[in-house]
Amino acid sequence: MQISLKWVNELVNIKKVNLDYLLEKLTLGGFEVEKVIELELNGEKILILDISATANRSDSLSIKGISKEIAILLNKPYKKSKYLNETLNWDEQFRDVISNYKLKKSYLSFLAFTLENLSDLNSPKWLKQKLFESGVEPVNNFLDFQNYILLESGYPFEVYDLNKIRLKLNSKEFNLSLIKAKTNEKFIANNNSIYNLNESILTLKANNLNLSIAGIIPSKEFAYSDNSTSLLIEASIFEATSIRQQSRLLGLRTNRSSRYEKSIKSMGLLNSVYKLIKLLKVRNPNLICKIHTKGQIFEEESNIIILEYRKINDILGPIKSSGLNELVYISPALISKYFDQLRFAYIFKPNQLIWEVTIPNSRIDDISRPIDLIEEIARLHGFNKFLTQLPFTRIAGIEDVSYRAKKKLTLSLLNSGLNELIHYSLNNDSIISNRPVELINPLVTEYSNLRASLLPGIIKTVQENLKQGNSYIEGFEYGHVFSKNIHLFNSRTKLQEQEYISGVFGGNKIKTDWSEDSKQLEWAQAKWKIERILRQFRCLTVWEPYSGEFYKNILHPTKACEISIYGGRKIGVFGQIHPILAKKLNISPDLYLFELNFGVLKNSFKNNHVRKFTPYVSYPKIVKNISFIVDCKVPYIEIRNLLIRNGTIWLTNVLLLDHYQGISIPENEVSLCLELTFQSNKQTLQNKDVEEIIKNLLVLLIRRFNILIRL
């Protein structure tokens, strides 16, 4: 946006302001000056600033707006125009522009007025010069006046030929209304393009005639020309989101719609209308002005923000001062002075060091929180006047439970040969048996759902890696998964988000012994890998066959387990990949997958993270094996716990050596071989003492689980 300093000087006295100082103030104030242009018009040198304003400052997209900002930054008074003190005696005829109450959300203000008896639309020399200074080519007709109002106030008026409208309707009287278009309705715009409208597009109609696509582009049929003597002028402000959506649907963005998209306010709308009429009356003394239609002139309510002095100092820190050893902060009196510069009404409570600041309508979009007010204070004081060093603190940070648990688990997985993977949380996988959490407005169909599991993304990565000619990837991933549960009684949907850790390994042949050939990982080896990782959290786990529906398309129907904490919550699942899925994706069926609830693991780590250190025992161990047959429905963890509780303090470890079902073993029963380790930290154990303990343990096992001892 090109800003003439000569034009700005009419509103703010900047004659004696140094140019470099002004540029520095604008830059620190958030207005980047792209370049400085020097023009010579009629023997006079004029400086032009090419300024870029931020998107949230719609109040600064005009000469008046940027002049007010310069007045604030330089702490200078702003001059008001004289014409604002005058009134116009209009024959006001009010009509409600909206026929449908729901459409009132589409516009903030609407005013339509007529101008008749126009005889001279030539623009004055001074107006042409201001347009030229602002980078707009003058054309010496009504468009010059239209552009002038746009540059000065930022309001984009739409203009129609009044005589053409009356001639088409065959009537001098007509009603204006904002109405949603009909599906497949044709509209010929003044850019000679034809647009197919639908019920999402808002149109301005004169009775049944389309005058314009509201807020975007007028109809070609009612465009004014140099010969027009009567005009209908629409001075309206439309809601930014509505205009943005309609422009996207039409694939059309105009100078007018781009202004509305920046959410311009209506507080200066009537003043701009007065200014236009006063300009036209200079050369058209017989001009007849009438309000044709007036809708609401909506002013947003002012916002009140509570600001604490302590918070200002915490955010901005100390200011630069001449003091060597003492930190100096911006004073409350100076903060109040800056609020005065900003023209913000406020109440200061000195006892509490609190300000109650009322935000004007023009700044309600970009100032809504205390941090926004703090930014304004820093902007006026100068960001370069604050100390840039961070405050020194002696408080050392601590690692929370979640961080320590994740650190321990990650290290264990990395030591097991797995790599960390990262995937998008959006997908469209159908292999998970679950009702997905769908996005309302996905960018593409491939990313239309929030993931319910990490495994589909990991499996896809394995497949893509093989397609590139690489080996099977073994990795793990932390990530959030999403699900929705429907309440049984009120049918309400509850969305849930949980953090999971999932992974894949296997597929590559490995060598477990130097004397053997390489072979695929077996089920017991893969299961032991997960057990070893879970041991890092020192929690007793129960492994049961998986019988759920969620992973039925991913995990093997007979080689999948559900893992739970003994007497507690479910941790997750582990299993071999489903052979049908492996064949479909053309990958190895010897892949093993796991998905664990990190929240449950974290709680287990929190409850069991204290390590107990004991002195090294120098007395020898006695190791004994026991073999027996037991019902296969008896959990191993219950057998182990019974032995630990009753094996005296000398029983230090119970290890499962063998698990066998098959020939010579009755149906629905299993043969187990356990290794029992005995050791004392005070004496050398005698074999007879250990044999007596084992004898008692076997009696307990027979009574409790009805075992059959194998010799």
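Yeah, the Cβs are placed from backbone N, Cα and C, and that goes for glycine too.
What you are looking at is a predicted structure, and each value in this text was computed from that prediction instead of being measured.
Annotated in TrEMBL:
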type	residues	note
DOMAIN	300-388	domain 'B5'
BINDING	Asp366, Asp372, Glu375, Glu376	Mg(2+) binding site
DOMAIN	617-710	domain 'FDX-ACB'
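On the structure: features taken from TrEMBL.
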{"residue": "Asp366", "record": "Mg(2+) binding site", "Cβ neighbours (10 Å)": "18"}
{"residue": "Asp372", "record": "Mg(2+) binding site", "Cβ neighbours (10 Å)": "15"}
{"residue": "Glu375", "record": "Mg(2+) binding site", "Cβ neighbours (10 Å)": "17"}
{"residue": "Glu376", "record": "Mg(2+) binding site", "Cβ neighbours (10 Å)": "22"}
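Look at Glu375 (Mg(2+) binding site): DSSP puts it in a helix.
Helix first, then strand, then coil: DSSP counts for the domain 'FDX-ACB' (617-710) stand at 30 helix, 33 strand, 31 coil. Residue counts for the domain 'B5' (300-388) under DSSP (helix as H, G, I; strand as E, B; rest coil) come to 36 helix, 20 strand, 33 coil.
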